[in-house]
Amino acid sequence: MLIAGVDEVGRGPLAGPVVTAAVILPESYDLPGLTDSKKLSLKKREQLSEQIKSQAICWALGEASVAEIDQLNILHATMLGMQRAVAKLRVTPQQILVDGNRSPEFGIPARAIVGGDGLEPAISAASIVAKVARDDVMRDYALQYPEYGFDRNSGYPTKQHREALIRCGITPIHRRSFAPVKALL
């Protein structure tokens, strides 16, 4: 059975898109170190992401923009990003496993699994691929907006990021619907 694992990265940051990934792994796939991306070092995530992308049956990324997050809310934007990732798969899975407590409608049987990124290899793989992709996006934004430290904080509300928001203001990649940013409008 072809199973796609789906996960998201970037629901909590004050800046940047939410990035999603869908990954279909070969049956009985075993890659040492495959687990939730949050439990891995940057170097290990990048190594595993390359291995996953080269060994998966197929994989795809989805995204919801800052404008979509602000317009829809983070939950609905995340669901949209997940749908986009699955729609980009070049092979149609027979089942979809989503990390979390809810799944968007895919038109394919789907099941949400709380903590799935630490339990299901395909979800773990999606978690890693999405995290590496979003980190790359935020490193690019760090070149545009060096004061905010996006290469180190990925847009999360660290002390440096919050201080830069107050000192330098809101950028086009900040989520205006999020309370700490909204308070500065």
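Note that Cβ sites are derived from N, Cα and C of the backbone, with glycine treated the same way.
Residues or ranges marked as domain 'RNase H type-2' by TrEMBL: 1-185.
Annotated divalent metal cation binding site per TrEMBL: Asp7, Glu8, Asp99, in sequence order. Classification of Asp99 (divalent metal cation binding site) by DSSP places it within a strand. Take the CB of Asp99 (divalent metal cation binding site) and look out to 10 A: across all protein chains shown you find 25 other CB atoms.
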